[in-house]
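Asker: Dropping the structure in here first, questions after.
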Amino acid sequence: MEVERVQAIASLGQKLDTIPSEFIRSEHEQPGKTTFDGPIPEIPVIDLGDKDGIVGAVAEAAREWGLFQIINHGIPVEVIKELQRVGKEFFELPQEEKEVYAMDMVTMEGYGTKLQKETEGKKAWVDHLFHNIWPESRINYNFWPQNPPDYRKANKEYAKHLLEVMGEILTSLSLGLGLEGHVFKEALGGDAIELLLKINYYPTCPRPDLALGVPAHTDMSAITLLVPNEVPGLQVFKDDHWFDAKYIPNAIIVHIGDQIEILSNGKYKSVLHRTTVNKEKVRMSWPVFCSPPGEWMVGTLPQLVSEDTPAKYKTKKYKDYQYCKLNKLPQ
């Protein structure tokens, strides 16, 4: 069965001032009507070079926003640029070359268009590529593009650096709750934590006021570490408003995901966010979802539960949580 890719729809509609009806959001979702247009509060920017202030800053941002940007994170600029270059080149390949990597609906890896079950039958203005980048035992190179030829090298190099950043963030989140630094990482599987890369490709859209690249959602991961290209589009929901996230070159955007909210018993917030699209420029982003293995049991940490503060969340296998989330079933 042939699947219609958004990139193909966008190229056909370049001369039009309209988009297919299945991409037009209801009024309560349309970014043209729902984006806050007053003074925008500053999303926290945290300097990982400031070793004295990092724990307090990460914990406060995770409580108040569920999202923050990190600078001086130690990942060389050229490593990020290479990751972005090879990803962009993949999406510029002829369509039939990309379809070789079409999504496997069992593992959720590969090239595709539709992921989550959409309410109201609406579609998101995005194509994507998913594949695991860590641990080695979870990597299936059948989903790693062979073109461009240095795709594998660029992704492996990025993964190596990103593991260190992930460890630093998880340690800070643990310490920020008065726990020992290793607690969160161990509660998520330790060295078995899995890193899943997604490349989002948001083609130019003639009606960015009506469409969304990705509708409002929280990430099911523990944390998500994301680098975007220079085209803004990420929006965060806070205080009943949708706010634009400012683009900071070479910063990494950190999303607190559902598993950290569960472990922390709600002290840290999984951030509700969405993505807008652009009329003139292609937007791309490279989120990496850091998650426990599928069979791993995740629940509120016992250290954070007492008679006065009972656990707010069920303990369950991560794969069962995933299934419910993707199929919009109650947890």
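Backbone N, Cα and C define each Cβ position, glycine as well.
Keep in mind that what you see is a predicted model, and the values were worked out from it rather than measured.
Relevant sequence annotations retrieved from Swiss-Prot are reproduced here:
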- His217, Asp219, His273: Fe cation binding site (BINDING)
- Arg283: 2-oxoglutarate binding site (BINDING)
- 191-292: domain 'Fe2OG dioxygenase' (DOMAIN)
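What's the neighbourhood like for these features in this structure?
Answerer: Under the three-state DSSP scheme, Asp219 (Fe cation binding site) falls in the coil class.
Contacts of Arg283 (2-oxoglutarate binding site) defined by a Cβ separation under 8 A and a same-chain sequence distance of 6+ are given as Asn200, Tyr202, Gly213, Pro228, Asn229, Val231, Pro232, Gly233, Thr275, Val277, in order along the sequence.
Taking H, G and I as helix, E and B as strand and the rest as coil, DSSP gives the domain 'Fe2OG dioxygenase' (191-292) the counts 8 helix, 45 strand, 49 coil.
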Asker: If you draw a 10 Å sphere on the Cβ of His273 (Fe cation binding site), how many other Cβ atoms land inside?
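Answerer: Other Cβ atoms within 10 Å of His273 (Fe cation binding site): 24.
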Asker: Taking every residue in the domain 'Fe2OG dioxygenase' (191-292), what is their average pLDDT?
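Answerer: Mean per-residue confidence for the domain 'Fe2OG dioxygenase' (191-292): 97 out of 100.
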